[in-house]
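Enquirer: TrEMBL lists these features:
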type     : residues                                                                                               : note
REGION   : 1-128                                                                                                  : region 'Disordered'
COMPBIAS : 29-38                                                                                                  : compositional bias 'Basic and acidic residues'
COMPBIAS : 50-63                                                                                                  : compositional bias 'Low complexity'
COMPBIAS : 65-88                                                                                                  : compositional bias 'Basic and acidic residues'
BINDING  : Gly245, Leu246, Asp247, Asn248, Ala249, Gly250, Lys251, Thr252, Gly291, Asn347, Lys348, Gln349, Asp350 : GTP binding site
BINDING  : Thr252, Thr269                                                                                         : Mg(2+) binding site
Amino acid sequence: MSNPPTIGWNTDMLPGGLSSTQEIYPRLPSKDSDDKSRKCSSGSKHKRSSSSSSSSSKTSSDSSDTEKRYKYRVQELDKTHEEKERLRKEQKKQRKQEKREKKEYKKAKKLERKLEKKLEKKQRKMERKASYKCTTEEAECGPPISLMNTKARAPQTKEDYDKIQSNIRRVVDPETGRSRLIKGDGEILEEIVSRDRHKAINKQATQSDGEFFKSRTTSFLKMGFLTVLKKIRQKEKEMRILLLGLDNAGKTTILKRFNGEPIDTISPTLGFNIKTLEHRGYTLNMWDVGGQKSLRSYWRNYFECTDGLVWVVDSADRMRMETCRDELKVLLEEERLAGATLLVLANKQDLPGALSAQEIKDALELDLITTHHWTVVGVSAVTGNKLLASVDWLLDDIAKRIFTLE
């Protein structure tokens, strides 16, 4: 069999520099190459499946983390909201409290101003009343008038009479011609001025009028005005006792305890309390005056004719002991309290931490007092301990001073 004819190829014209002996057709894959390709394809498939599973697990973990972060953020927002709501409520409550306190402060200030106006009005009323009429209390105490002054010159002219006319009317009743200083027929009046001469005050004064008035006045002054008061008070055995001290010292409680009244409900004294008591045959007119700082300036309105001064101290109030000492020092410098017996009550001895009577004595510097008879006693208004004994000392000292003892 003859071979097929060969085609003459120009090797220079073959693509890729193929030789004439090389085949120009692609070769079919062999069995080994098929196995390799299958292994490669299966490996690539396995890699793709593993990569897809890892990516899916990663995606699920990312989503769970995102969900956790979202929940945590929501919780944080809820906490922040609750905190803001709580702060808002607290601020609202605080504003209400401040508003309520401001309202109460205004109310207290208004009450204080009202009380001050009331006291001023009462004082003006008393002054107006005293200018033309002698009240019962003034008559008992003996009004401080120029007629009773030993250095006063006897009236010589009508102007002199006019100056003391209102004062004389406080001593002598124009209708009866008798003195209001005593009860009874008015024997002392005859030593002052007669009824006819009293009515002649509004007339033109003469020298004889002046000589008559001078002689009667001199005879009265020789008796001594204090002697007259002692005789009057000895008969009636009356004493005027003034209870003073800082606020919350226990003055009202002491007064009620001494009077046998219940002390369950005690409120601050916004003014004064008056009690008339009978003890050991004496009539005690006891005045309890409020001790608030706004009321201390009105204490001087109650100084007249005071026989005994009871200074009540809160023994447990150590912070205000200096203020207590200063207020007492100012009181003892008052001329109208000169000679009054001083009783210092160291109250609230039943409380723990209360200063003793000796410590109160040192804190108030009582040893420096030389113008008054004084003593200090540790008492308790709640239990009544030593309260009666201290009042008995006060009465004994006053009686020795103003009464003529038999």
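Quick reminder: no glycine exception, Cβ is built from N, Cα and C everywhere.
Quantities reported herein were computed from a predicted structural model and do not represent experimental measurements.
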Enquirer: Among Gly245, Leu246, Asp247, Asn248, Ala249, Gly250, Lys251, Thr252, Gly291, Asn347, Lys348, Gln349, Asp350, recorded GTP binders, what is the largest CA to CA distance in Å?
Expert: 22
Enquirer: Based on Cβ atoms within 10 Å, give me the single least packed residue among the binding-site residues Asp247, Asp350.
Expert: Asp350
Enquirer: Would you mind splitting the compositional bias 'Basic and acidic residues' (65-88) into helix, strand and coil residue counts from DSSP?
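Expert: Breakdown, helix to coil: 24 helix, 0 strand, 0 coil.
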Enquirer: Between Thr269 (Mg(2+) binding site) and Gly291 (GTP binding site), find the distance joining the two CA atoms and give it rounded to the nearest Å.
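Expert: So the Cα of Gly291 (GTP binding site) lies 8 Å away from that of Thr269 (Mg(2+) binding site).
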Enquirer: Please classify the secondary structure at Asp247 (GTP binding site) using three-state DSSP.
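Expert: In three-state terms, Asp247 (GTP binding site) counts as coil.
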Enquirer: Looking only at Cβ atoms, how many others are within 10 Å of the one on Ala249 (GTP binding site)?
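Expert: The answer is 24.
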Enquirer: Just name the most isolated of the binding-site residues Lys251, Lys348, going by other Cβ atoms within 10 Å of its Cβ.
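Expert: It is Lys348 that, of the binding-site residues Lys251, Lys348, has the fewest other Cβ atoms within 10 Å.
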Enquirer: Between the Cα atoms of Gly245 (GTP binding site) and Thr252 (Mg(2+) binding site), what distance do you get, rounded to the nearest Å?
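Expert: For Gly245 (GTP binding site) versus Thr252 (Mg(2+) binding site), the Cα atoms are 11 Å apart.
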Enquirer: Among all protein chains shown, how many Cβ atoms are found within 10 Å of the Cβ of Thr252 (Mg(2+) binding site), not counting that one?
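Expert: The answer is 22.
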Enquirer: Determine, to the nearest whole angstrom, how far the Cα atom of Lys348 (GTP binding site) is from the Cα atom of Thr252 (Mg(2+) binding site).
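Expert: The Cα atom of Lys348 (GTP binding site) is 13 Å away from the Cα atom of Thr252 (Mg(2+) binding site).
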Enquirer: Taking the Cα atoms as reference points, how far is Thr252 (Mg(2+) binding site) from Gly291 (GTP binding site) in Å?
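Expert: Rounded to the nearest whole number, the Cα-Cα distance is 11 Å.
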Enquirer: Are there any residues at least 6 positions away along the chain from Gly291 (GTP binding site) with a Cβ closer than 8 Å to its Cβ? List them or say none.
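Expert: Gly291 (GTP binding site) has long-range Cβ partners Leu244, Gly245, Leu246, Asp247, Asn248, Ala249, Lys251, Thr269.
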